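Only one structure is covered here, and it is reproduced in the block below.
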Amino acid sequence: MHLSPDTMNMVDDGCLSTESYHDLGKGGVSGISGRVHSIDVILGFSKDQDPLLEPSGRHKVDEDQLEEQEKQVNADPYSHLQIPDQTQQQQSVYHDTGLFSTDKCDADLGDPRSNVESDSRSPDIPDEDQPKKKHRRNRTTFTTYQLHELERAFEKSHYPDVYSREELAMKVNLPEVRVQVWFQNRRAKWRRQEKMDTGTMKLHDSPIRSFNRPPMAPNVGPMSNSLPLDPWLSSPLSSATPMHSIPGFMGPGQSLQPTYTAHPGFLNTSPGMMQNIQPMPPPPYQCQPVFNDKYPLEDVDRSSSIAALRMKAKEHIQSMDKTWQPM
């Protein structure tokens, strides 16, 4: 856009003056307060020249309101800040109405536990719905006299009736219920003691303990001569001659050596040779040591085995006697 020299001359000299420049530097609002420089003025149009450019109606009212607001801002630039007196007055009003009271806040924050308890207790629960606490009975401490009388009554009867319990309660100065409870506990203790006693008796009578045999005497041995001979050993040969006179008899100190050997040609020998051969006695019977055992089954087995051995020994002796007879 190009401006003619005539239009440039029509621009007000006050716009380019130093005073207006300083006013614009100090503040945008204060610099505008003196004179409003519109676009029409800058362009050089005056209000009288063109009536179409003249503001009318609503625009004119808005410009007037803006001018008034700018004047008020220039008159009191710190009007948006409150005066201390006014703030104090407002605070006093708040305190009077109770909206800005610190006492209420302190009271609410002072005991939060009470608030919680009040909230928890707010729903009213009837007494029937609340769980009842279990009544715990105190333990009774009996004196020596009371225990003595109760033990005497327990020895007479483990299950006393109501009348005897009441009489005993009056005697020992105790309630009848306590006496009844004492008898119940005493019977339970007695049953436990009986079970323990029966268990120990079974343990003592168990067959495992029967194997603990006493030690054998030193004079008892398999080759001991102090043992008496059984009557079944008394054969005609042994009764007629003593044991030491029998050839082939060995003393306790001699070593066991074979004294009789069987030969296939022994039966085919002549009678003259048979006279020179002396008959050999049977080997001495070794007596087994006797044990005192409590277990009955072992006694039965041992007696049966001994009887069988005796029968075999008798048969052997009879057969040997037949062979010793002269042919």
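Using the three backbone atoms N, Cα and C, a Cβ is placed for every residue, glycine included.
Annotated motif 'Octapeptide motif' per Swiss-Prot: 37-44, in sequence order. Under the heading region 'Disordered', Swiss-Prot lists 48-73, 100-139. What Swiss-Prot records for 56-73, 103-124 is compositional bias 'Basic and acidic residues'. The DNA-binding region annotation in Swiss-Prot covers 135-194. Summarising the annotation, Swiss-Prot assigns motif 'OAR' to 304-317. According to Swiss-Prot, the motif 'Nuclear localization signal' annotation covers 310-314.
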Tally of DSSP helical, extended and coil residues in the motif 'Nuclear localization signal' (310-314): 5 helix, 0 strand, 0 coil
Secondary structure content of the DNA-binding region (135-194), with strand meaning DSSP E or B: 43 helix, 0 strand, 17 coil
Local confidence of the prediction over the DNA-binding region (135-194), expressed as mean pLDDT: 92
